[in-house]
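Structure first, then comments.
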Amino acid sequence: MAGATETATWEEMLRRMLPPGTAIPEGAAGNLDYSIALEYDGPPVAYEVPRIAPVDMADVPTAEPVSASYGLLGNGGAAVPVAPVFRPPASRARAEPPQARRGAGPADSGPRDEASRPATRARQEPPSPVQVRRSSEFAHSGPQNEGYSDSDDDSRRSVSRESAPSYQGQSDGGRHAMAAPEGRRSHVVTFGLADDSKYDQSSELDDTRSEQFVAVTRTEKRGKTCHRCGKRKWESKESCIVCDKRYCGYCLLRAMGSMPEGRKCITCIGRPIYEGKRSKLGKSSRILSRLLSSLEVRQILKAEKECQANQLRPEQLIVNGFPLCQEEMSDLLSCPRPPQNLKPGRYWYDKESGLWGKEGEKPNRVVSTNLNFNGKIQPNASNGNTQVYMNGREITSIERKILRFAQVQCPRDTHFWVYHDGGYEEEGQNNIKGKIWESPLTRFVCTLVSLPVPPANSVEPRDDAPYSARTVPEYLDQKRIQKLLILGSPGAGTSTIFKQAKLLYGSRFTPEELDNIKLMIQSNMFKYLGILLEGRERFEEEALAIPNNPNSEDGDTQQDGNESSGLNSCIYSINAKLKKFSDWLLDIIAMGDLDAFFPAATREYAPVVDELWKHPAIQATYKRKDELYFLPDVAEYFLSRAIEVSSNEYEPSEKDVLYAEGVSQGNGLAFIDFTLDERNPMSELYGDSHDPSSQAQNKYQLIRVNAKGLNEGCKWVEMFEDVRAVIFSVALSDYDQLGAPASGNSRRLENKMIQSRDLFEATIRHPSFRDTPFVLVLNKFDIFEEKIGRSPLTACEWFSDFDPLRTHNNQSMAQQAFFYVAMKFKNLYAEHTGDRKLFVWQARARDGPTVDEAFRYIREVLRWEDEKEYGGFCPDESFYSTTELSSSRLVEQDWQQHPAADQRQGST
Ligand SMILES: Nc1nc2c(ncn2[C@@H]2O[C@H](COP(=O)(O)OP(=O)(O)OP(=O)(O)O)[C@@H](O)[C@H]2O)c(=O)[nH]1
Ligand SMILES: [Mg+2]
């Protein structure tokens, strides 16, 4: 837009400002840093504040350049022509009557109006950026005559000196005295650089934007200060869907009136909305429901959603490279299966299959087929690189994975035709080979990875046949279900939380699921047995390796002669024990007396480890006893009921299901859909009345990815970019535990808390989650509480600076330690995400209610996130950033006493 004319204008302006004859610096128009007027955003002031009016540079009188004949010393000292002193017209602009500003008709114009015309014009028309800059430029250059100083402060002061008195002087008998718009604070001018990238994004709105939008920045204070009264209140704000100005409950109706087009300032009525708000059109907010009756709210929201001014314009939609015309857009929106949540942008559309997606991306919806658009689909529409083509489009790798999953042969250079029902054939073969999305499993996997599928019993209107209704399976209705992804390192409790969700909100386990869990429990039991036997073998190897090979490659076990022989004798004695132990194992197995075997095996195992650990050489090698012993606690729970558990008739109890490690035998991906009722301690505190539309918001899909899938380079994770929140579970009790390294060749065990931290770090940095809120669940608080007294938190090197207050009991020590750990994670998160808040909750996942409360907290987080984005409620920093947590009931009490205070941290 900044073409040659603009440059010329700048040059012209500079020329007028510089002393006559001065050369304009090269490239000045492009490089000079021009300050821009900003609207004052601080607390209200008691006095009327002057305005700076735009200046028409054409009206600035300038002197002709001194001609050569006036040479400095020449011409016998004849007077050099001087321009008259220029008086800034700011006061005239101020004195403009309100009507004139709103666009007075010709009847109003008289000689007086004539006199103020330049300023009036500048106010009436949306000024170009150049005009706005001119005004601010003038604010700097004007006072120059009176000893202009460089500092902002000074310049501001000189502006007031200059313009305030003249405003008083010209108030013209009160008729022209400009009252601030009804009840509104006047604007004050400050100086700085406008930086409004948000507005830059939607350049199509630029031309309609008034001077306010160019000059006002959306600063960090967004959300806290009311635009009208300027007060910073700790309460919800509602924002204008056009200009995003926020208003408190007191000012909202005054600023927005009856809202015929929804939430718009009166001055924004008729203007197109800010596109970032499109997805929120028609969604209710606390503040509206508080101020108006539910019927009124409904009407306003309906108008907001449906009125003409707020609709997309066809040219905002570019499909297959061409902007739509009105007719094409109507066809698209009125077809039986239109795209959802349409926003302005570039899309591709495959007419044969109905697949629809954003340009350069995988498909995200199946819309009706056979819509005719000007543009035809291009091979690179979705930016695929698979050399597999579907109706002419090169598909993306995730689509190819699904094809393979559905057992569709698709080597390179395959060209398919795919039809509305998923039927496919190779190009030129005229032979439908099958239907891609026929199997429920394929459909399920598609939804998990957010690929669209056609409705199950799709009957597509070919040749304009009347459209028949279809049923879309519930879980395909992705719009209404909010996906929550739960992750964590091994043993952190993700499966337990998942199973709790199932028990709390879901249906009971089906017989198949129970069968699966039973198999899982049984195979876990054999895994524990495997560990026992492996341990025995390992000790035997230890024993054999050293005497036979004193210079063995394992440097850690090299010992000097004395120690070595000491170790040998020790190991021999252990070996004898082990021999006895293994003979005994074999006997028991031979007799089939497993009931005796399992408990005995675990019982016998520990003393062997103890024995080994006594020796200094072993200690030097392994550093920690845990490295010799990693049978999970839960092993004993199941091993002690070995016969019962391993029999065919075994039926896992609810407790067994919860205690078992894992979700299913394969233990990969698992998901569950559930709904939460409205009961919530927090929303009650805020006096919420949730409208029925929020019910739909309460549907969730919890997806659990096992730790292994994560460790393999987070491969799965990429498929979950549309999750609403990531729940990351960490076992608090891991701080003094060691675990096998997730990857790499090192056999050295690592601190499990550090492992969790590293995984957490990798996850928050993952591009798929750049904008996704994270909720950290600090789990296993029960074990933590129990052991914190005997095993210091500093056992984990990351917590080495933990310096608790002295306490008399484990409970308060555990709370202190919990806060400390929470803050460590919060700081880490803030570091990586540019100061975003990490939400933390404390849980004991074996304990149902703590998981229930965790999910209610997560739901609340999602609402905060929604409202934060849409213009509302933003809980006070103190509890948002430092202490939201935690052991629910405890917090609940604190909250009731000190809703916004930082009390919880203090209480520890
Ligand atoms: N005491 C106690 N045990 C817990 C808690 N949460 C989980 N557990 C137990 O810890 C063990 C491991 O929990 P899981 O839920 O299987 O851990 P996970 O994160 O799924 O681990 P992977 O399956 O390896 O990914 C199970 O025996 C659980 O019953 C808790 O808060 N307190
Ligand atoms: Mg598990």
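Every residue, even glycine, has its Cβ placed from backbone N, Cα and C.
Just so you know, TrEMBL annotations never went through curation; they're auto-generated.
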Among ALA670, ALA845, ALA854, which residue does TrEMBL name as a further GTP binder in the site formed by ASN779, LYS780, PHE781, ASP782?
ALA845
How many Å separate the Cα atoms of LYS780 (GTP binding site) and SER495 (Mg(2+) binding site)?
13
Would you mind reading off the Cα separation of SER495 (Mg(2+) binding site) from PHE781 (GTP binding site), to the nearest angstrom?
16
Among SER495, ASN779, LYS780, PHE781, the binding-site residues in the record, which have a C-beta under 6 A from ligand 2?
SER495
When you tally the Cβ atoms that lie within 10 Å of each candidate's Cβ, which of the binding-site residues (SER495, ASN779) has the highest tally?
ASN779
Would you mind ranking the binding-site residues PHE781, ASP782 by how many other Cβ atoms sit within 10 Å of each Cβ and giving me the lowest?
ASP782
LYS780 (GTP binding site) - helix vs strand vs coil (DSSP):
coil
Largest inter-residue Cα distance among ASN779, LYS780, PHE781, ASP782, ALA845 [record-listed GTP binders, Å]:
9
Restricting to the chain of ALA845 (GTP binding site) and a gap of 6 or more, list residues whose Cβ falls under 8 Å of its Cβ, or answer none.
GLY493, THR496, ILE497, GLN500, SER729, VAL777, ASN779, LYS780, VAL851
When you average the Cβ positions of ASN779, LYS780, PHE781, ASP782, ALA845 for the GTP site, which other residues in that chain have a Cβ within 8 Å of that mean position?
GLY493, ALA731, LEU732, SER733, LEU778, ILE783, PHE784, GLN842, ALA843, ARG844, ARG846, ASP847, THR850
